[in-house]
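Notes to accompany the following structure.
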């Protein structure tokens, strides 16, 4: 995803899973030492299912293939409880996903709708790509003139980017269709699109699908999970999460989200879409500020391939349906607890995108300590997880810490190299700027073991004794990434 930095948070006023399989390992003898699980050997380098979740989504009356599994829940630990239901977990929301005929092939669900029962306070974070898609332009305009909306429509198959005035007209027509189906104003509808750049939305299919989608909206977990599947493209897993947090004694609120993304992902906002819901009553100014801060420490801190999408959009809606006093002061204890929970949810969704990076066999998590401030630490961490050389070494199970050191060094952050300390999976490889003797076989085995289960490779880099701490997430760079994108249709 492109940078969401400066995050464009507004001021008040597809391919099927089979397309991503690599040739069998038997056809690639140079990979014979990778020690992949049997299931992976028969299909792909990517042992995807070892940590994926199964979610119930089938429904006789909802058209579409919903058979892909869900990503593991990667929300960081904290004073909150993980719950089911993703965008429908908070009070006051309904959702649905279905197949509407927008995809080029197959019948995987391709259109989703998330609706608030009453006008919900809205925030948005968007791509900084100058070639932003028509729905991005449309959403910016809507949120610049009003604080609340009722719905967000997401289509997969066509990005509606680089489509000129006709593409923008399609966005307006899409909003009109949703508004008519729900009995609301077109300005109450936000839009997201994902798919091939340069292609307009298949409007006949979309206009036919929207009334059916609206008629089947539900508030159950299965409805929400169908929406999560419907927004995916080259994703091998859907991404969803929800949590519950106590803001004060006796006052509990919920947050939930769905996301998509697997390639063209690079800070600040990788190719990704997300819809996040909440039921806390929050003023528009405070909610938008919270959303921006949450995005800075989550979606802006992931990278898969360094490419910035034309369509990156994260929408946050809070219904206020949980009740209680409206949160209007960011310094209040309740606001701070809500901010922490929101950031945790966004990080969980962002990490699931990096986990599902195209061709990935591991999630890479880099923690940077000792920086002058958090912003500097974040910058170094992003540089490390974005290094093609470091990512390739990790894929090859090579504990080449020099590539980590180099990536930290070209981040643009100034620090004393004599203070640098690098750890890989808890193993100390460099200290006080000096290389250390370490068990290379054990370090390689650590990387191989993480790949065998599609686990997390942990890197820690210390650059001084300052208070700054930052995190970033990425994935390794495999042969599959090139194959997937070489064969992606244009």
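From the backbone N, Cα and C atoms, a Cβ is placed for every residue, glycine too.
According to TrEMBL, the feature active site, nucleophile maps to 271.
For residue 485 (substrate binding site), the count of additional Cβ atoms within 10 Å of its Cβ stands at 16 [all protein chains shown]. According to TrEMBL, the feature substrate binding site maps to 233, 260, 271, 358, 485, 490.
The signal peptide feature in TrEMBL is assigned to 1-18.
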Cβ neighbours of residue 260 (substrate binding site) where a neighbour is any other Cβ within 10 Å: 30
Fewest-neighbour residue among binding-site residues, criterion Cβ within 10 Å, set 233, 358: 233
Coarse DSSP state, helix versus strand versus coil, of residue 260 (substrate binding site): strand
DSSP-derived class (H/G/I helix, E/B strand, else coil) of residue 485 (substrate binding site): helix
